[in-house]
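Here is the structure we will look at, set down as structure tokens.
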């Protein structure tokens with residue numbers, strides 16, 4: 001692996017990814033400490049069960065990384081918001097330019113491997129059961145639209161609905177516009193847009209008129225109830241979260257037993273050193289330049305490539321998923337294009353009847 | 001100071017035969033030791049270790065992005081093409097200026113500043129021009145023939161503000177980065193000095209003037225944007241404004257050395273005389289007359 005920068009970068013990145021240090025899922029010094037003496041500074045987080053580790057509770061003052069910088073979790077939320085508000089308009093064009101259009105292949109493969117709308121365990125001859133898909137950080141709707149097409153058209157299952165959640169209203173409005181431009185009415189009716197922080201899905205702001213159940217008038221937010229989602233997807237979003245374990249735990253909460261957690265994200269190409277060298281140089285050299293020329297924003301794309309660098313490896317991320325209570329099959333991940341992207345899948349285990 | 005010392009020390013370290021010149025190398029602006037090696041040092045690019053995009057050195061100033069040669073070439077070509085296609089991308093024009101300024105040109109400009117006492121003062125004081133650093137309401141209250149009043153009247157007429165200039169990021173030497181920033185911020189003053197409007201035609205003419213005066217490659221290459229002008233504008237540019245620009249740019253004093261903050265209450269004709277700049281024909285008036293002529297002719301044809 002090519003050596004990264006000199007001492008300047010090391011000192012900045014001394015906070016190596018606090019999360020990785022604490023993940024030891026099978027060691028005896030388990031981190032599942034009782035954390036009922038949780039941070040009092042955080043009156044905004046929902047009450048957590050006592051088995052939630054400290055690091056999985058969002059804490060606005062805890063340090064995390066923003067690219068190669070070290071910032072607090074609260075600051076990261078704001079800065080990511082800034083990045084995505086500024087890139088929202090040219091997001092799709094930039095994705096095409098940076099990956100030479102290959103992101104479409106990845107997304108197509110991701111959705112077809114999940115095959116929404118088809119549930120083989122449905123009792124009876126018809127494998128088409130109602131499904132609720134929650135697409136996190138799905139602002140511009142790429143994954144959601146593909147899900148709807150596969151479910152409604154390919155699998156002829158009209159009972160599939162998708163909730164698109166994103167923390168950034170600018171990305172959501174781009175998504176809403178695209179939905180109106182591209183989708184037939186039946187599919188448009190199956191989408192709900194909500195503004196939410198994936199680390200806390202008890203407080204989502206619906207963009208349209210609020211559905212009555214779970215709506216809390218005092219905060220004007222809607223709660224995504226426990227065990228209400230069949231498929232939780234997040235594509236190219238999770239590396240921007242300030243607290244990934246918290247998001248994984250929220251995913252575990254909202255999924256039904258037997259529900260699937262699926263994540264498509266940039267990952268490490270370490271298994272192919274020569275390709276990795278070329279890929280890294282393209283990432284750090286050409287992508288910020290393209291961002292500057294096309295989108296007029298070098299810094300956001302520099303953040304993008306740094307956040308890819310900071311994201312845990314395939315195995316480490318799989319361990320985080322297992323730590324959150326999911327079960328994985330086989331390796332737990334699938335490399336795409338040599339590892340530039342990877343699909344991680346986990347299932348929330350069904351509880352055996354006693 | 002530190003950056004210059006560091007740069008000079010690197011140069012001295014590499015050119016080991018110049019051991020004895022350590023002192024002059026450390027203070028290249030010392031006019032006393034005006035020997036060949038000092039000028040060589042200041043005109044040469046600061047040498048730095050070879051680096052790749054994966055291990056960029058630390059920035060020399062806030063916002064600095066050290067570029068590799070390949071990146072610089074890419075930025076040069078990319079920003080050149082894209083700013084030609086869309087001249088409203090001021091950030092790309094700025095990036096183009098920075099990518100093409102090294103080697104030689106920005107150092108020449110910095111040395112031109114060092115050669116003049118006012119220039120040296122500017123480099124020492126490092127004044128910045130923003131809407132807060134200049135007291136615009138006060139400038140509006142000045143008599144109309146002063147530099148300050150002309151400047152603010154021009155700002156108001158063209159509906160621009162001094163805050164629209166992007167920060168310099170791609171020039172490695174910190175002092176030269178300031179020189180480029182100063183040039184960028186003074187651009188509006190050059191508009192006020194010459195009276196050229198902010199339309200494409202006026203900008204191209206001013207860029208030609210700036211090229212003749214500052215020798216920055218971006219200004220010279222911007223003249224190719226004249227190809228995007230309308231036919232009558234191109235003809236006017238070739239016959240009137242380009243000769244004016246070259247003549248005045250070459251014979252006038254270096255406009256980079258004008259300490260604008262001190263000249264605000266001075267009579268603008270006085271300043272023009274001192275610099276050796278004659279105002280060009282009023283482009284706005286000519287264009288207005290042309291527009292009215294065209295409208296009149298169209299109305300005539302309509303009634304006939």
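Even glycines carry a Cβ here, placed using N, Cα and C.
Among the candidates A:122, A:140, A:219, the one that TrEMBL lists alongside A:166, A:197, A:198 as binding S-adenosyl-L-methionine is A:140. The Cβ neighbour count for residue A:166 (S-adenosyl-L-methionine binding site), using a 10 Å radius over every protein chain in view, is 28. In three-state terms derived from DSSP, residue A:197 (S-adenosyl-L-methionine binding site) belongs to an extended strand segment.
According to DSSP, residue A:140 (S-adenosyl-L-methionine binding site) sits in a coil region rather than a helix or strand. Annotation for residue A:140 (S-adenosyl-L-methionine binding site): same-chain Cβ neighbours under 8 Å, separated by at least 6 residues, are A:88, A:91, A:92, A:171, A:174, A:175, A:178.
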